[in-house]
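If you check TrEMBL, you get these features:
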type	residues	note
DOMAIN	40-299	domain '7TM GPCR serpentine receptor class x (Srx)'
TRANSMEM	31-55	transmembrane segment
TRANSMEM	76-99	transmembrane segment
TRANSMEM	119-139	transmembrane segment
TRANSMEM	151-169	transmembrane segment
TRANSMEM	200-224	transmembrane segment
TRANSMEM	245-268	transmembrane segment
TRANSMEM	274-299	transmembrane segment
Amino acid sequence: STKLKHLKISSQNETFEVLEEPASAVLSRSFFIFAICATFSISLLGSLCDIYLFYKLVTRKSKPSGFQKLCTVKSVTNCIICLSFLFWVVPVTSFSLTFSQLNQPLNRFVGIIAASWSYFMNSCISVCMSCNRFYVLFFPFGISLLRGTSVTNWAILLCMCLVTGWALFSVQDGCACVYDPNIFLWRNEISECTDMIAPYIPFFVFGTTIITNILNVMTITRLLMEKMTGVNVEESKRRRRRWMIMFMQSVIQDCLQLVDIINSYYLWKLNEDLWFQFMTVTFSFLTVTAIDGFVMFICQSDIHPRWMKRLSKNGTGGSSVAVLKSVGNVSSKLNISLAMC
């Protein structure tokens, strides 16, 4: 039998008690085992992928482009989210702990770092990725006022300041997002603070997604219509394919976050069963984050393990390896522009 504990909840100046029990007592045994195994497997694979990505991106010999810098930052935020599931969500849920049994300061810290800071940082970095593709294609020789300035570095710094400010605001009592093992979900703390700010969070994510999609449409139009001058036909095709893959990576990552926000803020309301809410909130959040890392890994072919490169070479005659590699005879001005971004 499961021990039921009384949990005191304060809301709108009223205090009431509810009986709390862990998710293992609410979900069917078979689905609970599936949920734990799926969460453990996806978070482990996602963490390993992001750690590998980060290591390869920061140790590559060539000077990183602006797009690669953004991928490096995103590998860190994705890894934080996956590790929070692997070392916090899975253990406390597996041991059938209730919300009141958790170390509350630690739970709030994990929620602020993973469910707030890293989550919103991903949204901001997605905008930066789309802006990077837009800037490189529409201003291949850079903007005179920005020459000599690393635009990407400043953009990353600005995003970090904004998101860190939001995280510091969440440190206040009642303003954080926490993990609740009673319902197997990340949720806002029950308080007037979260009641006030929660409705605006989806609009922030939708807003960033709209901005990125507008930039993406303009970028793909440029890619399809503009002819490259000063390079031979073969080199033009290779460069266009390389940019197209970077564009597709940006689009897929933008769509993933949009799918997650639709699931976690709207679809979960269609069914009150805990298994359905787990699938549309917790499972969606983790899966989208893990797939985001896998998309970066697939698109960055120059950091693939040797065995993957050999398979690609055998399967496509070596053409796929050349897709994302820099090609020779690129004008020095264009190289300077890419480096500045």
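Backbone N, Cα and C define each Cβ position, glycine as well.
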Decide whether the stretches the transmembrane segment (151-169) and the transmembrane segment (200-224) have at least 3 CB pairs under 8 angstroms, with pairs required to be 6 or more apart in sequence.
-> no
Average the per-residue pLDDT over the domain '7TM GPCR serpentine receptor class x (Srx)' (40-299) and send me the rounded value.
-> 87
